[in-house]
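Q: Input: one structure, supplied below.
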Amino acid sequence: MRTLWIMAVLLLGVEGSLVELWKMVFQETGKEAVKNYGLYGCNCGVGKRGKPVDATDRCCFVHRCCYKKVTGCDPKKDRYSYSWENKAIVCGEKNPCLKQVCECDKAVAICLRENLGTYNKNHRVTVKFLCKAPESC
């Protein structure tokens, strides 16, 4: 029950590309992004940093690094457009910055799908203080 409450709090005030990211993750993995990845490992979710605990967590680490390279827009708030064509994500954004955000989100969604075999339910709620020092991007 407590986990559901935490997830509900994380959803408050969500806007912009996070919604698109969550849709992409569901389309690629079949898993609800917030429930399955919102607190996963040491890198998935808001404010988490640390040495990745597995390949799934590394996807989130690489995604955060990708967002750090984005300039000219806010990756977490500004909305972009994409489509789902023949079971593939197609970033259709004309704005170069928003296209870059879309490509970052597409990459993490595909990475999570490719690493479904490393997904460990024991890492679904990892407490931040248990994480080791983060790597640099």
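Each residue, glycine too, has its Cβ placed from N, Cα and C.
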Q: Pick from C131, C137: the cysteine that Swiss-Prot pairs with C42 in a disulfide bond.
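A: Disulfide partner per Swiss-Prot record: C131.
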Q: Between C97, C102, C104, work out which one Swiss-Prot annotates as bonded to C66 by a disulfide.
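A: Answer per Swiss-Prot: C104.
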Q: C44 pairs with which of C60, C65 in a disulfide, per Swiss-Prot?
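A: If we follow Swiss-Prot, the cysteine bonded to C44 turns out to be C60.
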Q: Of the listed cysteines C59, C91, C97, which one does Swiss-Prot record as disulfide-linked to C73?
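A: Recorded partner, per Swiss-Prot: C97.
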Q: Could you pull the disulfide partner of C137 out of C59, C65, going by Swiss-Prot?
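A: Looking through C59, C65, the record in Swiss-Prot gives C65 as the partner of C137.
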Q: In Å, rounded, how far does the Cα of C59 (disulfide bond) sit from the Cα of C66 (disulfide bond)?
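A: It is 10 Å, counting Cα to Cα.
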Q: Compile a sequence-ordered list of residues in the same chain as C65 (disulfide bond), six or more apart from it, whose Cβ lies below 8 A from its Cβ; state 'none' when nothing qualifies.
A: C137
Q: In whole Å, note down how far the CA of C104 (disulfide bond) lies from the CA of C97 (disulfide bond).
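A: Cα-Cα, rounded: 11 Å.
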Q: Are any of C73, C91, C102, C131 (the disulfide-bonded residues) within 10 Å of C60 (disulfide bond) when you go C-alpha to C-alpha, and if so which?
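A: Taking C73, C91, C102, C131 one by one, none has a Cα falling within 10 Å of C60 (disulfide bond).
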